[in-house]
Amino acid sequence: MSANSMSDPRRQNKIFRYKPPTTDSNPTLEDPTPDYMNLLGMIFSMCGLMLKLKWCAWIAVYCSFISFANSRSSEDTKQMMSSFMLSISAVVMSYLQNPQPMSPPW
Amino acid sequence: MRSCLLLLPALLLLLALPDTRGRYNDEFDDGEDLAEFDDNDFAEFEDVSEDPTVETESEPPPRPAPSSSPVEDDEDEATVETEDGQDEFEDADAQDQDMFNKYDQEEFEGYESKSNPSFKDTLIYREVPAHLQNSWESYYMEILMVTGLLAYIMNYIIGKNKNSRLAQAWFNSHRELLESNFALVGDDGTSKEATSTGKLNQENEHIYNLWCSGRVCCEGMLIQLKFLKRQDLLNVLARMMRPTCDQVQIKVTLNDEDMDTFVFAVGSRKAMGRLQKEMQDLVRQKRDCLVLGRNWKLTFFILLISFFLCISVYLSMVHYIVNHADKIESIHFSDQFSGPKVMQEEGQPLKLPETKKTLLFTFNVPGMGNTSPKDMDSLLPLMNMVIYSIDKVKKLRLNREGKMKADRNRARVEENFLKQTHAQRQEAAQTRREEKKRAEKERIMNEEDPERQRRLEEAAQRREQKKMDKKQMKMKQIKVKAM
């Protein structure tokens, strides 16, 4: 038994709890993609709503999807949902105002 | 003379006809003409019945067709008179046509030439607007967009599942080894008691954490499975241009007594270049580094060793490194690890950052992105190497000479740092002193009791005087020494 306890490296009395690494100490390690995409999505949806540009609204939808895919699980879902709703409302409003199909840029 | 007499009534007849037409035209304009019809009542009605036909005839070619319909109506209503009417109409028509041609030529010159060509030219066929057409084909851009979104969602689901399966496969293959070495395997830090959760913490759709603790020689070990962003379609497309691989990062934090003072780093050339720039401890140690060059067995490694004793570390691990060279990205042992260099706004930080004795390992998962769960088993020997190096580092001790050299180097680095930040620290100290004074003055002002106020003021004055005296003494001493 003593031999077992010698070879067994585990120590119950030496347990330290997990501390999530703080973002203040290493801001460079954090991935900024979801925040940037969120911001871009909001800007494009506002442009789509105000300037009645359909392509802006569609890009806003894509941005909010990308932001959701890259988001951390600790992030608030309310923020994600609000950006989704904003981009979808931008698309719907631009089609209600002008039901013509979108023309390609070429 | 007789011919003249015969011609005269004919002339009169000819002249009378335009007069009558003119009269009929003016009939509704002038009331004077009505007097002529009052003599014969029937003549009035006859004239009235004739009027529509005459009126229609009097209208020039602009409406030849419509004129025919009212004439037809009149013909339907008055059957007896129609024939007469028709005859009259025909005669009148024939007569009028003769007159007509004359007047057309004079009054309506160029009318025919204008009407038909211009009418045909101005006829433009417009396209029906696209949104009013009953076809989905015109909305092809929208269909493209929706298809793109659906493709993104599909890729998200598939990528997320693949990452999850890879993480689970890694954990299943390493669980036994970890549980035999650590008392606590898996902790998220939220539960009250320190019990093993026995599962990975999911930070992202592509990053999984595992905290292990409760072992001799170390405080704890944090394992991060940094997979590729398979859930993001943009990232998948970017990876087609520039392939990268999944990584496993292991960070072992040691107790203070478990490691001697040295810094050791081994890795691929690119990784070493990056570490040397980014990591604060390696940057500061740059002067002490020895680049051994290329070993014939390790052609793609560069070694940064701060002390010769570290060669023994390297030699003990060389068989691991040689066998799994393709999977090792970097190995970094440091007794003053403080993370990557933090760029601050004020220029340089005022204080040296807090350091921790750490062993860092970064491994590449084989497959270069196309990893399967079976590949995770190949990382098991590397985990054995990690456990082995934890035990080895504890036993490694510098000799006396090495220790002295290390301490001297460290002191030199610290002195340099202090010199560089001297001015900033002075400023910081000055601001602190001013703040203190201000706080004291405020306290004195806020004091209600005048007696106490006076006493506090006196005490502050005395303190100031003492400081001045001390300074003067120092200056005197310096002067004496100089002399």
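Each residue, glycine too, has its Cβ placed from N, Cα and C.
Now, the feature entries from TrEMBL:
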SIGNAL    B:1-22  signal peptide
COMPBIAS  B:40-58  compositional bias 'Acidic residues'
REGION    B:40-97  region 'Disordered'
COMPBIAS  B:71-96  compositional bias 'Acidic residues'
TRANSMEM  B:300-322  transmembrane segment
COMPBIAS  B:401-417  compositional bias 'Basic and acidic residues'
REGION    B:401-483  region 'Disordered'
COMPBIAS  B:430-472  compositional bias 'Basic and acidic residues'
COMPBIAS  B:473-483  compositional bias 'Basic residues'
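Residue counts for the compositional bias 'Basic and acidic residues' (B:401-417) under DSSP (helix as H, G, I; strand as E, B; rest coil) come to 17 helix, 0 strand, 0 coil. In the compositional bias 'Basic residues' (B:473-483), the DSSP tally of helix, strand and coil residues is 10 helix, 0 strand, 1 coil. Applying DSSP to the compositional bias 'Basic and acidic residues' (B:430-472) sorts its residues as follows: 40 helix, 0 strand, 3 coil.
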